[in-house]
């Protein structure tokens, strides 16, 4: 992919639309978004997914030449690909969002023209790293559909994460709204309140954009061999639904970390921020257990903590966000430890909110 990608929207005059959606870091409060909690999340400029929609005579969902590969050198090569990358590429994601988008518009009286299109995608988000790669593809595709059908102002921005999540649910993907909110808001730092009362009333949370510059310098650690981010919630959710007091109280404490984190960020109290990040991971570990989290994922956190940095999962495993409060000297130690352990480490690239004027107009006043 182009390391210097085009603007989010291009080619309006000829009916061609291109959109990017960035990888996401769950900074504090995750995974309480699935449990009526609170989170702080943001997207990063390090990785992104890209979708392109162009008018065509027939409706075509275009397979990716690598991610949707159907031709192999040998049977062994086919099996190797399936064992490492699974059975699924991005075509199913594009088809699912097309279905969910069309049904939502039909159910809500939003008229769509009858022109056809070709929809394609690309992505450089590492697979299974807990950076929300699947929803980034769906988010980028949804943005293309909104523009192609000229219905951006008819579908409020708060509703769009639900459409993305519903598309993923069609495919059996286990997730919450947090990632989709961060990606729909297109950058910036977002505080999210998923309180049950509000969710039951309107179907989405209370989303507040914060200044991305409140964040201290952060780093990303990830491993090239993937983690399974689709099964991590399963056992804990069942216990939560069964009324397990330990799970319920621990999840409430994780949600509280997002509130404390918002205060710490506004005050730039980074020493407290370090403690909150570490506490977030410790609570997750106590609920899910080491076997569920995976030895390599835990090792990434411990590599950072070994040199006195704060660390937690960006999502459900596969990547870790790190804060080095002591600055460049501590970053050098982090880089050396990651090199020894075979992990990739790089600075987090922050991106400001990319909401357009038409998007902002759809924000509810409630």
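Cβ coordinates come from backbone N, Cα and C, glycine included.
Annotated features, as they stand in Swiss-Prot:
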SITE      24  site 'Transition state stabilizer'
BINDING   126, 127, 128, 129, 130, 131, 132, 133, 134, 135, 136  ATP binding site
ACT_SITE  179  active site, proton acceptor
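Everything Swiss-Prot records as a feature, shown here on the structure.
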| residue | record | CB count, 10 Å |
| --- | --- | --- |
| 24 | site 'Transition state stabilizer' | 29 |
| 126 | ATP binding site | 19 |
| 128 | ATP binding site | 23 |
| 130 | ATP binding site | 28 |
| 132 | ATP binding site | 31 |
| 134 | ATP binding site | 26 |
| 136 | ATP binding site | 30 |
| 179 | active site, proton acceptor | 32 |
